[in-house]
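According to Swiss-Prot, the protein has these features:
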- SER106: active site, nucleophile (ACT_SITE)
- HIS131: active site (ACT_SITE)
Amino acid sequence: MSDPIKTALSLVPMVIEQTNRGERAYDIFSRLLKERIIFINGPVEDGMAMLVCAQLLFLEAENPKKEISLYINSPGGVVTSGMAIYDTMQFIRPPVSTLCMGQAASMGSLLLTAGAKGHRFTLPNARIMVHQPSGGFQGQASDIERHAQDIIKMKQRLNEIYVQHTGQNYDVIERTLDRDHFMTAEEAKQFGLVDDVIQYRAETEKEEKD
């Protein structure tokens, strides 16, 4: 069975832009990158993390003060890959605005709440899910024990990150993330994962004057 994400990417539309040097063709994601929009779509893994981090660093180099928009529709994925994106978001100078469309689950929810304070949004019918990290190991008993200790440390670190960005106390975060916990957009706002639920794009000053 073919990968639906790869199938979708093979059908990415091209857009034509008129410039004083003539016409130039972009795939739609490259054109949106010019507008400082980055997509996290699908499972979070090393390949995606590499591309997202590279785009964040490029946009910082292009303009270290202008906001970057991160659109998220992800079921989550590899913790270390997600942490690479998270650390890069915190490391760069431009503020990163996040918006959930569809779902932000597991590492997707952590990246959603990691946006700049006051700039974390979700669309009204999006779904957010938080839980503790999971993993499976095999091998010698001593190695399994070390892996178990490591995942417990990772769980504690993830809990601390959620505490930092939501304002909830540690016990609430630990209890909420103990099992898969699904939230509506409004519930995610009340919990502190996002700052607002938006249904319509706000008008720009130019549109208001027109």
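A Cβ is built for glycine as well, from the same backbone N, Cα and C atoms used for every other residue.
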Taking all protein chains shown into account, the Cβ-based neighbour count within 10 Å for HIS131 (active site) is 17
Cα of the residue listed as 'active site' to Cα of SER106 (active site, nucleophile), in Å and rounded, measures 6
Quick note, SER106 (active site, nucleophile): same-chain residues at least 6 apart with CB under 8 Å of its CB -> PRO75, GLY76, GLY77, MET129, VAL130, HIS131
DSSP, reduced to three states, assigns SER106 (active site, nucleophile) to coil
